[in-house]
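The structure appears right after this line, and notes come after that.
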Amino acid sequence: MNFILLAVIIGLIILAAFGWRFYAKRPLHSKAPMFLLACYTIILILAVPAAYIFIDESSERNAQAEDYISSMLMEDPDTSGSSFTFLFEEENPSEEWKIGAPYTADVNIIVEETEQESVRFYTAPSIVEFNDFSAFIEPKLPAVQNTDSYTYIQLYELEEQELRAVSSIISRENVLRAEMMPENITLSSQVFYLKVPEGTKVAAEDAETPVNFHYVEE
Amino acid sequence: MSITAPPAREIILKQLRWKQRYFASIIFAFVIIQAFGIFLSVMNAYHQASFNSTYIRAHSQNNLFFLMILWIFISSLAAPAKANRKIDFTFISTRKISHITNIIFLLLIVSAASLLSVLSHYLIILLVPMIHSPEVFILLPGWMDLLHSFIWWFSCLLLTAAAGYFLSMIYQLTLLWKIVIGGLIFGVFYFDFMPISEGFQMLFSSDIYLITLSVLGASLLFFSSIFIKRKNGGIVI
């Protein structure tokens, strides 16, 4: 596939060079950019049917991933254009997750800045690539920390305004019980802890909504 | 007054044909910048995330967008420059006709650039699977997405072009006006007189807002540019 791309690029460069040379010999030099524009336009027009021919959009993989991506880059209706991007990181990823098992990893929720969202909505999401699709289809359980009698999930890098947005989502999704409502979120040096009772099982519910941790008491 | 003076429409058409050749560098720059923007969009992921061992990269046209904004801004700054305007007067022309021709020219290149930018989305879609890993998720845009995208591109480029044109005209005024208007612009951003972020958020919240405000804003800026006249070093609007 890369060879094809390379051949196409080299071909286009040769074509452009010939075209340039052809027009440069003529009295009106300013036609050369128009020739370049014409070539570029033809390439773009040809790319449209090519994309529909070569890209298999209806594949099962695509359909499964679409839900996740649309939720990952979704526009939140309650916060007028806010967008939430989730970044999950684990220091010690494990295939098996057990209740109460020691986990060193955190769940980071990064809320993107408002100024960038408007730009992002219309250009993304177009293409998303994965290095391991199977792990993606069955999302692993987010990690938790056990401290004293409470389990904490750290929500990093949230400003006050963003915290309110997250709180509204948590309320809206209605996946938390009364003791886990937004007022239980505390601020400590820009690290927000969502306090949940000990032994609470924290699971990724599905890929439909951004904050979709499903809490089930033991 | 001459009885053989050609109608304004003919002069404008002649000037447009001339500008299409005279401003060939703008068109050349457009193609080069588009190609470079597509290259950046294909090579660099706009959004990256990892979920456990899964690594996610999302590509978009954002790189292309910022380059195009820069291109149209510089082009519109150059269009009414003194050197270019003098050439307009080699035709039988007035200052007003020169402005109208420039504005029509800018509208034409903004429309063409918007259309080609929308189409470049397909080229990026084709190139990313070739260059990056085979595990690629791709959403092909529908007709409404294309329309939506075109409106967005057109509005942003039009507003930027109008702003560039207006600034270029302001720059040709006296030093006093440069200081006053420059201070106003700087002050608005520096002291945050206006809720700029909220304004942008509202602007991009719907297509109707975006197209309405951009067309109104661009019209206001273009008409202001037309009616700015220099008179004995002063200004008459």
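Using the three backbone atoms N, Cα and C, a Cβ is placed for every residue, glycine included.
From a predicted model like this one, the values you see are computed outputs, not experimental measurements.
For reference, TrEMBL has these:
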| type | residues | note |
| --- | --- | --- |
| TRANSMEM | B:21-43 | transmembrane segment |
| TRANSMEM | B:63-81 | transmembrane segment |
| TRANSMEM | B:102-130 | transmembrane segment |
| TRANSMEM | B:150-168 | transmembrane segment |
| TRANSMEM | B:175-196 | transmembrane segment |
| TRANSMEM | B:208-228 | transmembrane segment |
Q: Determine which recorded stretch among B:21-43, B:102-130, B:150-168 has the most C-beta pairs below 8 angstroms with the transmembrane segment (B:63-81).
A: B:150-168
Q.
Given a Cβ distance threshold of under 8 angstroms, which distant residues of the chain, six or more beyond its ends, lie next to the transmembrane segment (B:102-130)?
A. 12, 16, 19-20, 23, 26-27, 30, 34, 37-38, 41-42, 59, 61, 64-65, 68, 71-72, 75-76, 79-80, 136, 138, 140-141, 146, 149-150, 153-154, 157-158, 161-162, 165, 222, 225-226
**Q.** Positions whose Cβ lies under 8 angstroms from the transmembrane segment (B:150-168), at least six residues beyond its ends
**A.** 65, 68-69, 72-81, 102-103, 106-107, 110-111, 113-115, 117-118, 207, 210-211, 213-215, 217-219, 221-222, 224-225
